[in-house]
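**Student:** One structure, as structure tokens, below. Some questions next.
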Ligand code: SF4
Ligand code: SF4
């Protein structure tokens with residue numbers, strides 16, 4: 001019985017070798033030849049805009065909290081409508097492992113991954129991308145989504161002025 005299994009294992013191993021010898025090579029002459037990645041390939045990260053051209057990121061820090069290697073940092077600010085945005089936003093691509101956790105955590109579809117895998121550099125500091133390097137002019141993979149059309153805060157009405165929205169708490173009234 002053992003002899004039969006040994007022979008079977010040897011035949012299977014030779015079969016795998018033979019099958020792969022007849023396959024076309026999978027290597028290509030990069031960078032002269034470029035491979036087209038799959039549509040959902042996870043590479044360079046971008047910050048997108050909503051269909052009206054506004055920045056989608058509301059500086060909620062969720063992507064930063066979800067990132068397992070802690071490579072996203074930012075500073076939140078508020079505009080005159082009470083709308084939050086990232087005063088600065090930074091991703092250190094030398095640490096990023098392209099896991100996609102940040103994109104899954106983002107409630108506004110602001111942070112998205114693209115298929116651009118050509119971000120290797122000799123100078124590692126140039127892989128620290130600032131907001132101006134990350135922010136693109138378009139909506140990316142979610143062309144119609146606008147977070148503030150759902151949340152409504154401070155865009156068409158002041159805080160607390162939208163349908164089903166409670167007035168903001170007076171924080172001073174919460175003091176002991
Ligand atoms: S893809 Fe993963 S490692 Fe890279 S920034 Fe997002 S959460 Fe962090
Ligand atoms: S990119 Fe998304 S998850 Fe990250 S801070 Fe902006 S809105 Fe929040």
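Any Cβ shown, glycine's included, is placed from N, Cα and C.
Annotations in TrEMBL come from automatic prediction, not curation.
Okay, so TrEMBL annotates it like this:
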- 57, 60, 63, 106: [4Fe-4S] cluster 1 binding site (BINDING)
- 67, 96, 99, 102: [4Fe-4S] cluster 2 binding site (BINDING)
- 45-77: domain '4Fe-4S ferredoxin-type' (DOMAIN)
- 87-116: domain '4Fe-4S ferredoxin-type' (DOMAIN)
**Student:** Fill in the CA-CA distance, residue 106 ([4Fe-4S] cluster 1 binding site) to residue 67 ([4Fe-4S] cluster 2 binding site), as an integer in Å.
**Tutor:** 11
**Student:** For a Cβ distance below 6 Å to any atom of ligand 2, name the binding-site residues from 63, 67, 99 that qualify, or say none.
**Tutor:** 63
**Student:** Cα of residue 63 ([4Fe-4S] cluster 1 binding site) to Cα of residue 102 ([4Fe-4S] cluster 2 binding site): how many Å, rounded?
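**Tutor:** Counting only the Cα atoms, the answer is 4 Å.
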**Student:** Can you go through the binding-site residues 57, 60, 99, 106 and pick out those with a C-beta less than 6 angstroms from ligand 1?
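**Tutor:** Correct list: 99.
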**Student:** Highest Cβ count within 10 Å among the binding-site residues 60, 99: which residue is it?
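**Tutor:** The most densely surrounded of these binding-site residues is 60.
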**Student:** Do me a favour and check the Cα-Cα span between residue 99 ([4Fe-4S] cluster 2 binding site) and residue 57 ([4Fe-4S] cluster 1 binding site); whole Å is fine.
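**Tutor:** Roughly 20 Å, rounded to the nearest whole number.
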